[in-house]
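According to TrEMBL, the features are:
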DNA_BIND  128-227  DNA-binding region
DOMAIN    6-119  domain 'Response regulatory'
DOMAIN    128-227  domain 'OmpR/PhoB-type'
MOD_RES   Asp55  4-aspartylphosphate
Amino acid sequence: MQARPRLLIVDDEEQIRLFLRITLNAAGYDPIEASTGREAIEACTGKKPDLVLLDLGLPDISGIDVIRAVRVWTQLPIIVLSVRSDESDKVAALDAGANDYVQKPFGTAELLARIRASLRAHSGETADPVIEAGGLRIDIPAHEVRRDGQLVKLSPKEFDLLLVLARAAGRVCTHRHLLESVWGKLHRDDVQYLRVYVGQLREKLGDNEGVPKHIVNEPGIGYRLVV
């Protein structure tokens, strides 16, 4: 029998932990809990969760510091659950290494969908030369992309951009992460440059910017490839 994925809930509010524990249990997960940042870091090393649900406003250290500490040794998925709605908070969490950001209050169905997407993406982080995501098939050695079986001709930079998004399929990639990964640190703030390439990529993938099937814009934060 396959073990249930273990999810670490990190929140200082007991009622929220209780709600999440009941929700995750019912959805087939094995929830464990921490109420402080230091407890969370210890749980990540000792109890080896498959994913972390993390509040930013903890009583001892900030959630951002927890993310940075955990990222020193592991890439396990981290989803931030926070009442903070400022764009700067979202960008800071994602740049620190969070995989996703969900604002409180949130819908249960959406949260569970984001958990599934993060777990799928993490389980697929291998050296596989072919990535399949969102109806796209990306052959890395051949630098070849197919959409619904049809070859899509991309420039080298367009291919690199799509590859970064595909390796994080279902998760938000910040503007800075995409720019540094594809063009280097000197271009980390050239967001308009990125928008031009995303527009070109969308056009070649047959994506509708108004109702995108492949590349979704997260306003002020970055982009996400639909799983």
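Including glycine, each Cβ sits where the backbone N, Cα and C put it.
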Quiz item: Relative to the Cβ position of the residue listed as '4-aspartylphosphate', how many further Cβ atoms are located within 10 Å?
Solution: 23
Quiz prompt | Composition by DSSP (helix, strand, coil) of residues within the DNA-binding region (128-227) | solution = 38 helix, 26 strand, 36 coil
Exercise. Sort the residues of the domain 'Response regulatory' (6-119) into helix, strand and coil with DSSP and give the three counts.
Key: 54 helix, 23 strand, 37 coil
